[in-house]
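Feature annotations, courtesy of TrEMBL:
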type	residues	note
DOMAIN	6-122	domain 'Gfo/Idh/MocA-like oxidoreductase N-terminal'
BINDING	Val13, Gly14, Arg15, Ala16, Ser41, Arg42, Arg43, Ser74, Ala75, Ser76, His77, Tyr95	NADP(+) binding site
DOMAIN	130-240	domain 'Biliverdin reductase catalytic'
BINDING	His277, Cys278, Cys289	Zn(2+) binding site
Amino acid sequence: QPERKFGVVVVGVGRAGSVRIRDLRDPHASSAYLNLIGFVSRRELGSIDEVQQISLEDALSSQEVEVAYICSESASHEGYIRQFLNAGKHVLVEYPMTLSRAAAQELWELAEQKGKILHEEHVELLMEEFAFLKKEVVGKDLLKGSLLFTAGPLEEERFGFPAFSGISRLTWLVSLFGELSLVSATLEERKEDQYMKMTVCLETENKRPLTWTEEKGPGLKRNRYLSFHFKSGSLENVPNVGVNKNIFLKDQNIFVKKLLGQFSEKELAAEKKRILHCLGLAEEIQKHCRPKK
């Protein structure tokens, strides 16, 4: 049994928040270091699975609460992170951490000043498909590639511009092919049909083109289509490589390692650099698609 447990509060109990509560309550190696104290929600829920609802004020002021899991909609992440860091708590937040690069940079500086861990979840990098792709791509010379993601409509007010709400796809591309630069970006929208299609042309450091498309609308199934062409052959779509089991738990394991000081400075710096690079690209894409009038 660990010497000490960190008291945790989960903010927001949608899909991610519910999985987080489940993982915290189940006996896992990392959960042994964590003690779920309660959850915060704008809805009046009272309790979920014997876990008590507590007010945001109590979560911020309680000495017992040392860690906050921010699982609310994206637009509210920045405000919550700031409040919990200022209250001297460690923070785990679902992606995207913020809806601007500058805000993320500032929050990391705040975390450093406070001596707290600020961790942004990226479960897409813990998926079986990603592990498969990483193996396939390593050492190969890319000629060109494309990644298309389709899904039902998403409210931009709550989840941010498509380059932010879909930042996990961008994270895949950057993690596979290194830092990217933006060539062009367009957005086709039909508000009355709840339809939108964002097409982004990127290039790798050695000028290879990558196209990233997010298409969302009623009746579109959640799906990912990819095609990468290398000098040595092509990769079209990922075979069914099995279920993504416990990806949120794998992310929690990483977070606990950070809490326990088991992550090297080098790993932390590389992760931060990648996250800021992706947020910076997402912001640039948004400016391209929605130039300020």
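Glycine too: its Cβ is placed from the backbone N, Cα and C atoms.
Distribution of TrEMBL features across the structure.
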residue: Val13; record: NADP(+) binding site; Cβ within 10 Å: 21
residue: Arg15; record: NADP(+) binding site; Cβ within 10 Å: 11
residue: Ser41; record: NADP(+) binding site; Cβ within 10 Å: 19
residue: Arg43; record: NADP(+) binding site; Cβ within 10 Å: 8
residue: Ala75; record: NADP(+) binding site; Cβ within 10 Å: 16
residue: His77; record: NADP(+) binding site; Cβ within 10 Å: 27
residue: His277; record: Zn(2+) binding site; Cβ within 10 Å: 17
residue: Cys278; record: Zn(2+) binding site; Cβ within 10 Å: 29
residue: Cys289; record: Zn(2+) binding site; Cβ within 10 Å: 20
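Recorded residues Cys289 (Zn(2+) binding site) and Arg43 (NADP(+) binding site) have their alpha carbons 35 Å apart, per Cα-Cα distance.
A separation of roughly 19 Å, to the nearest angstrom, links the Cα atoms of His277 (Zn(2+) binding site) and His77 (NADP(+) binding site).
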